[in-house]
Structures are given as structure tokens and as C-alpha cells.
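Asks: Got these off Swiss-Prot a minute ago, pasting:
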| type | residues | note |
| --- | --- | --- |
| BINDING | 34, 36, 49, 52 | Zn(2+) binding site |
């Protein structure tokens, strides 16, 4: 995990530990040499330095090793949202246009309709529509006890994806595929393939 915004130490000109160029995370900046200099030369290949935690290997590993950062709020990755096909839209079985409306804070999405008779799960609402519903919920004569829950942005998408039971959805899709034809069948197969890949790799 990258925990510091620093890149290179201006005095030593070495990458800062836990920073964006950290050798412990991405690998050594010099072939066969750890950060602190305890291990040098190819004969120490594969050793992880007990002082600085850097593996003694070739510097080219820095080209493909990946780090990560923890964000304060969820974000949607453009590859999964805008890629062709859009994996997020396929998983949620929603048009990409609707998914974009949620991500770009143009519309709220219903996460739980509660006792409200006119709302449905995954229904989109404009801000004005949601304000009207809120007035209705909090009116004195309101009979709604179980209040509806709505969300917006990537946080709402995260909740929708967490609500999916991939194994159950896959089983349901297989049954639907057996009884469908043409374009509808092709669409169901495409969704099943994406879900099966997530199940096979245990990705969440």
C-alpha cells in the first residue's frame, strides 16, 4: 500500500519508502541492490533485505509491479464503466446510460424501496423527484414506516454490486437461457460469461 505522496528524497536521490516510487513495493531502482545497500550483486538474488524490506532482483520488475492506495470514498474505474462492453452495466443488468447518470451524480438510484408503493429497486430518480418523495415520507399523514433508501455516485454502485449474489444470479441466468432465443439469449449469455469469470477468480 502506498501511504505517502512523496516520490524521491532530494538529498539521497533515492525513492522514498512507502511513497509513489517505493522500492519495497515496486522493486529495486538498481539491479541486484537493496535500498539500504546491505545486499549488492547478483549472488543475493531473491533475498528480501531484513533492514529495508526490498527484494534483491532486477530493476525491470518496477515496470509491472502494482501498488494500491486506500481512498476515502469509493470510485468507479473507467475501464469497467466505459470499456466495451461495460462490465458494471452488464453485472447490474442496467443500460450504460443509467449507470453513468448514477456515477456522475445526475440521478439517485433506489437501493431499497421500503414501504413506498411507487418505487422499485434500481429505479432512477432526479433530485426533484426524490425531494417530492421525501416530503411525502415526512408528511404528518404519511403511513410509510419502512423508509426507502436511495444512493448516488460510485458509493451507490458499490452497494448495488454488493447486493448481487453471483452464484444465484448465474444459476438463474442458466435457467433463463434454456427458455430464450435470439437477441435476448445472446444478451443473457454475455452477462453469464462476465459473472462466471468473477466467480471463477473469486473477484469481488
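Just so you know, glycine gets a Cβ as well, placed from its N, Cα and C.
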Asks: Enumerate the residues of the same chain, 34, 36, 49, 52 excluded, that satisfy the criterion Cβ within 8 A of the mean position of the Cβ atoms of the recorded Zn(2+) site; list them in sequence order.
Replies: 35, 37, 38, 39, 50, 51, 53, 54
Asks: Counting only residues 6+ away in sequence within the same chain, which have a CB under 8 Å from the CB of residue 52 (Zn(2+) binding site)?
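Replies: 17, 23, 24, 34, 35, 36, 38 - these are the non-local Cβ neighbours of residue 52 (Zn(2+) binding site), listed in sequence order.
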Asks: What is the number of other Cβ atoms found within 10 Å of the Cβ of residue 34 (Zn(2+) binding site)?
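Replies: Neighbour count, Cβ to Cβ under the 10 Å cut-off: 24.
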Asks: Taking the binding-site residues one at a time (36, 49), which has its Cβ surrounded by the most other Cβ atoms within 10 Å?
Replies: 49
